[in-house]
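Asker: One structure, as C-alpha cells, below. Some questions next.
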Amino acid sequence: MSLRIAEIFGPTIQGEGALIGQPTVFIRAGGCDYRCSWCDSLHAVDNQYRHDWHAMEPEAIIAEVMRLTGGQPLTVSISGGNPAIQDFGSVIALGKANGYRFACETQGSIARPWFADLSLLVLSPKPPSSGQNTDWSAFDACLEAAKGTDTVMKIVIFDHHDLNFARNAAARYPALTLYLQPGNPETDPSLPVSAQSLSDRLLWLVEETVGKGWLAPRILPQLHVLIWGNKRGV
Ligand SMILES: C[S@@+](CC[C@H](N)C(=O)[O-])C[C@H]1O[C@@H](n2cnc3c(N)ncnc32)[C@H](O)[C@@H]1O
Ligand SMILES: Nc1nc2[nH]cc(C(=O)O)c2c(=O)[nH]1
Ligand code: SF4
Ligand SMILES: [Mg+2]
C-alpha cells in the first residue's frame, strides 16, 4: 500500500524536543486533519500542495532513507502533516529490519497500532493560539496505543492562553516529560527569520515558566530555525 509523502530529507539534526541535536532523516507525510493558524509546514498540510506529494511504497521510502544515510542506521523522524492519518507500520517494520529506529511527531488526534513499534512518540497537542480543539479522549487513545513506547509531550507557546493550556495538560499527564517551544510567527519560507526575535521569544518563555517557579517543563528553541530559518528540507 502506498503512502502520501510530501518530502524525505536529511541527514540533518533533530531541531526540537527530546531528541534535539541528534542526526536524523525526516519522512514528512502529506495531509493533516488540523489547520493550525501558525503551521510552519503548510506544504505538507494544505491540499493546494498535494500535486507535489508522492505516492510511495514502503520499500521505496526505506530505499530513500538508506540512500540518504549511506545505509548507516539512525533514528528516523516521521512527521507531517499528521502521519497518523496513514499506516506507517510496514515502513517502520522494513526500516527496523535494516537497523533503523523511528520517532514520530503527531498532534494526538488519531491513534495507530504502529505507535507501539516506535522508539519515541512525540504528542504535540495544540494550544488555543492554533485555533484547533483537542479531543482528549483521542489523545488518551494515542497514549494507550503507545503503551511500552517512550512518549513525551511537546507544546508550542505563543501567549498566556497557551501557557494555561500547557499547565492544564501537564497536570493531566504528570508522567509525560513536557517540552515547551516558543511559537514562531514568521513561517513564510521565502522570508528570513530574525535571530533577535527568536531569542526574545525564548527569553520570554523562560521568564514566564522557570522564572515564575514552574519548574516541570523543559524549554527549548527550534534549533533548525535558529540555523536555517524557514528553509525547507532541513
Ligand atoms: C509541523 S508539525 C507536524 C506533526 C504534527 N502535525 C504535529 O503538529 O505535531 C511538527 C511540530 O512543529 C510544531 N510547529 C508547527 N508550526 C510551528 C510554529 N509556527 N512555531 C513553532 N512550532 C511549530 C508543531 O506544534 C509540532 O510540534
Ligand atoms: N531539523 C528539523 N527538526 C524538526 N523537528 C521537528 C520538525 C517537524 O517539522 O516536524 C523538524 C524539521 O522540519 N526539521
Ligand atoms: S497539526 Fe501539525 S502539521 Fe497539522 S496544521 Fe497543525 S502544526 Fe501543521
Ligand atoms: Mg518543522
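The backbone N, Cα and C atoms fix where each Cβ goes, and this holds for glycine too.
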Asker: Which of Arg4, Arg28, Arg67 does TrEMBL put in the same substrate site as Ile13, Gln14, Gly15, Ser79?
Answerer: Arg28
Asker: The S-adenosyl-L-methionine site in TrEMBL lists Trp38, Cys39, Asp40, Ser124, Pro125, Lys126. Which one of Gly71, Gly81, Gly89 belongs there according to the record?
Answerer: Gly81
Asker: Work out how many Å separate Lys126 (S-adenosyl-L-methionine binding site) and Ser41 (Mg(2+) binding site) at their Cα atoms, rounded off.
Answerer: 15
Asker: Give the distance between the Cα atoms of Arg28 (substrate binding site) and Cys39 ([4Fe-4S] cluster binding site), rounded to the nearest whole Å.
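Answerer: Arg28 (substrate binding site) and Cys39 ([4Fe-4S] cluster binding site) have their Cα atoms 14 Å apart.
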Asker: Can you tell me how spread out the substrate site is, meaning the largest CA to CA distance among Ile13, Gln14, Gly15, Arg28, Ser79, in Å?
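Answerer: Largest Cα to Cα distance for the substrate-binding set is 15 Å.
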